[in-house]
């Protein structure tokens, strides 16, 4: 039986997802409780840098190859769901913002994978990058939580903002879902940069063992 283009794309995406999951399971990371603060920080910074690079690449691919520069033209109209996140004033605040922003992307990044499979799966590497972003954001969230628990044990988790227009990613209307993807990757690129920058600000205190 010959598969349709949509079915073939779906199977390709599922096989890629399974392959990535097997790869992650086969790699046994060092538990956070066995890392020094500096080692944990280096792990977080490396992960945040990679995540930002991938988010920036996906935005560029979408804008140039799919949306015909509509992402760039409409970027000033984008309001991100994390805009209301509080400004950080202390080292602890920096970590709390990182945790809040990462938390705010957990569900959207899970929803991104099937949306990319449906609408952008034919573009080389987009599916793999969507999976990598989902995994990278989870690792940043886990690591930041663990680091904060060392300096403020028993701290309660703050509320995080929710994206209300995720359903537009699944729209069958091309204009609607392309605009939603543009906004999604614009905001993700912006937030992954914020996380990376905040982690870099923390570096002096980590290196000087102030924690």
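Just so you know, glycine gets a Cβ as well, placed from its N, Cα and C.
Record features, source Swiss-Prot:
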- 1-29: signal peptide (SIGNAL)
- 77: N-linked glycosylation site (CARBOHYD)
- 80-187: disulfide bond (DISULFID)
- 173: N-linked glycosylation site (CARBOHYD)
Cα distance (Å, whole number) from residue 173 (N-linked glycosylation site) to residue 80 (disulfide bond): 22
Between residue 173 (N-linked glycosylation site) and residue 187 (disulfide bond), the C-alpha gap once rounded to whole angstrom: 21
Residue 173 (N-linked glycosylation site), number of other Cβ atoms within 10 Å: 10
Residue 80 (disulfide bond): tally of other CB atoms within 10 A of its CB: 18
Cβ neighbours of residue 187 (disulfide bond) where a neighbour is any other Cβ within 10 Å: 23
